[in-house]
Amino acid sequence: EPGPGPGPGSPLGRAGFEGSPGGGRRVFSPAGEFREFSRRQLRDMERLFRQYDAGKDGFIDLMELKLMMEKLGAPQTHLGLKNMIKEVDEDLDSKLSFREFLLIFRKAAAGELQEDSGLHALARLSEIDVSTEGVKGAKNFFEAKGQAIHDASRFEEEIKAEQEEKKKQAEELKQRKAAFKELQSTFKQ
């Protein structure tokens, strides 16, 4: 059940104009349009958005997104950042409005993000739980939750396996170098 409404200064509590401050293009109500998320989830997403909107202009631009991804521990290349924005940039202004930011979490909840994409990393690392019960009911919710946990642990296992493989390769290289030096020393005698 939705709790007490957000504060008066929040875009959740009132319909806001999406676009440049004062010259809005379209009325946007997060709670109205993103009904799959609870008020609390929307507040968490808004808090995250505001935290990284360093210019306080209602947008997350390329540099702000770069900083956000670095702080989340998943730094991206310049091209990677541009592609992240492009994936949800409906008005093609090369920056993320709050509505476009919410689209990231909508796509994450719907399983529409590539696992190796920056947006997938953003949604996963932001620690905002985007699971929604929706109309499908609790059974699907728990199945999806189980699948998400399985995917996350599989991802961690893949990382561990990669790290183990790198360690093994480094050790083999060290052994080959030692064997080569030993071989060299026998020829020098």
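Yeah, the Cβs are placed from backbone N, Cα and C, and that goes for glycine too.
Positions annotated as region 'Disordered' by TrEMBL: 1-30.
With DSSP states grouped into helix (H, G, I), strand (E, B) and coil, the domain 'EF-hand' (40-75) comes out at 23 helix, 2 strand, 11 coil. Annotation comment: TrEMBL describes 40-75 (among others) as domain 'EF-hand'.
Sequence-distant contacts of the domain 'EF-hand' (76-111), counting only residues of its own chain at least 6 positions beyond either end whose CB sits under 8 Å from a CB of the stretch, comprise 11, 16, 18-19, 25, 28, 30, 33-34, 36-37, 41-42, 45-46, 49, 58-62, 65-66, 69, 117-120, 122-124, 128, 130-132. Annotation source TrEMBL lists domain 'EF-hand' at 76-111 (among others).
TrEMBL lists 145-183 with the feature coiled coil.
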